[in-house]
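Participant: Take a look at this one; I'll ask things after.
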Amino acid sequence: MLKWYKEAGNNSDVIISSRVRLARNLKAYPFSAKLSENQAKEMVTKVKDAGLHLQEKEEKKYYSCNVDMLSDTEKTAMMERHIISPLLIAKEQSTGLILSEDEKISIMINEEDHIRIQSIVGGMNMTEAFYLANTADDITSELFDYAFHEKYGYLTSCPTNLGTGLRASYMMFLPALTVAGKVIKLAEELGQYGIALRGTYGEASKSLGSLYQISNQKTLGSTEKEIMDSLNRIVEQVMKQERRQREYILTNGYDEFEDKVYRSYGVLKYAKQLSSGDAMTLLAQLKLGADLALLKFKDNYNIHELMMEIQPANLQCQLDKNIGSVQRDKYRADYIRKKLPDIQ
Amino acid sequence: MLCDKCKKNEAKIYYTEIINGEKKEQHLCEDCAMEYSSFQMGTPFMNQEITLGNLLSTILGNYYKENSHSGEHAEKELHCKGCGMTYSEFLKEGRFGCVKCYDTFKKVLEKSIKSIQGSDTHTGKKPKGFETKTEKLVKELPELDKLAIKLQDAIEKEEFEEAVKIRDRIRELKKEEMNNA
């Protein structure tokens, strides 16, 4: 079964993935801030069972686990693959997770809300992402009595998620807008439409491989479809701007850009040490070069998959041991060298 | 003056942040200001949503100050019976303690929720089997009244085929009633 990041999606030159998150709470328990450890434990045990229910109804394999019992490396690796959030890792209470085999659906237990259903699919396909999360929500809601208010909708721990509890987000690859220094201006403009733009792993934008998340901020007063439609309209615009900027690069600095892309390939293919920041920047160059058909791989290859695999915790999970940062940089360079396909 | 963050470059930007009503001023160089004020708010764990929570509590805090004659007095009044959360605790956390908090803090919440969300009424998905108060009331009405409401609704939505069906059903029922009488 293909994991979402191995699938080729629509508009994958600019949109890496589409993600939906639904926040839900059980009526019978206090919200996270007032939940006792015993109640938290009880909740994890109870909700984890929903995994079996989902498996039965959807005829798809689901796994579940107690997140607080995992090692820090395992938790961080899951965060790097966007399965769980940094907040879930930071929680001191009992926390849990239900995960589908293809990693498209994950349900976090005891994050900011009792239940956070998340679905993620490759490319621009919010319709499928919403369908998956919504179906999982329908099935899960057969087991629990959700906190729902006639006027305010789904009640959430923080009033900023009230109503639909829906956060729809696209992970976008915006290298040309980044180079042109237009991303901060873009973030300000999007803010006026209630759309947030932020870095993917919360790190400084420069070393991120030009990956950004664009998502709705308002959750109350519009239907799920209206929220996603308005996000889609804006994302289409961002996509147009990015492509226009890419054309500009091609027409106004082709030679320089071509040189950069091939140099990036050269460094990635022959370097002996690579920090994750350097690797991300170089891989972003390579992805842009491949997207613009400036450079062709002999085999069809998804560079974003490699971007996730070379994150520090994911690398350590592959090795099955913790290593220091110098060793990790060496291993990362080795890993990339082996994985990168030849160019035509 | 040197930058408060890197302590190397000349500080050119005066950055003011207000979180939970507390003002924090920083003198930053251009590079640090770019980093600090755009996507990274100090640590990777401080994501956009958390910032929004802080923003909300700041707005609620201001509203609360405007609307109470005596701060201490009002604070004592606002106390959730469900989970014990106090209003000042909510302002600090930006998060509620339980379902009942929404009723407890309703008065201060209503206006602020509208200014943040742009609306205060949910129109999206409902859990399966959830009935609104109106739906419950309608359910208890006699069949003829129920059909009259449905007819009105169908006409408003311009579902005329459905309206004709309902009208015919109303006629049938009335006839039956007449015959029975």
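Yeah, the Cβs are placed from backbone N, Cα and C, and that goes for glycine too.
Pulled these from TrEMBL:
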BINDING   A:17-21, A:His82, A:Arg116, A:167-171, A:198-203  ATP binding site
Participant: Can you give me the same-chain residues 6 or more apart in sequence from A:Val20 (ATP binding site) with a CB-CB distance under 8 Å?
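Facilitator: A:Val20 (ATP binding site) has long-range Cβ partners A:Gln118, A:Ser119, A:Ile120, A:Met126, A:Ala129, A:Phe130, A:Leu132, A:Ala133, A:Asn134, A:Leu166, A:Arg167, A:Ala168, A:Ser169.
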Participant: Please compare the binding-site residues A:Arg116, A:Arg198 by how many other CB atoms fall within 10 Å of each one's CB, and tell me which has the fewest.
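Facilitator: Relative to the other binding-site residues in A:Arg116, A:Arg198, A:Arg198 has the fewest Cβ atoms within 10 Å.
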Participant: Sorted by position, what residues of the same chain at least six away from A:Ser17 (ATP binding site) have a C-beta under 8 A from it?
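Facilitator: Counting only residues 6 or more apart in sequence, the Cβ neighbours of A:Ser17 (ATP binding site) under 8 Å are A:Trp4, A:Tyr5, A:Gly9, A:His82, A:Ile120, A:Val121, A:Gly122, A:Gly123, A:Tyr170, A:Met171.
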Participant: Check each of A:Ser17, A:Val20, A:Arg116, A:Ser169 (the binding-site residues) against chain B and write down, in sequence order, those whose C-beta lies under 8 A from a C-beta there; write 'none' if there are none.
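Facilitator: Cβ contacts with chain B under 8 Å: none.
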Participant: Does DSSP give A:Arg198 (ATP binding site) helix, strand or coil?
Facilitator: strand
Participant: Would you mind checking how many other C-beta atoms are within 10 angstroms of the C-beta on A:Ser169 (ATP binding site)?
Facilitator: 26
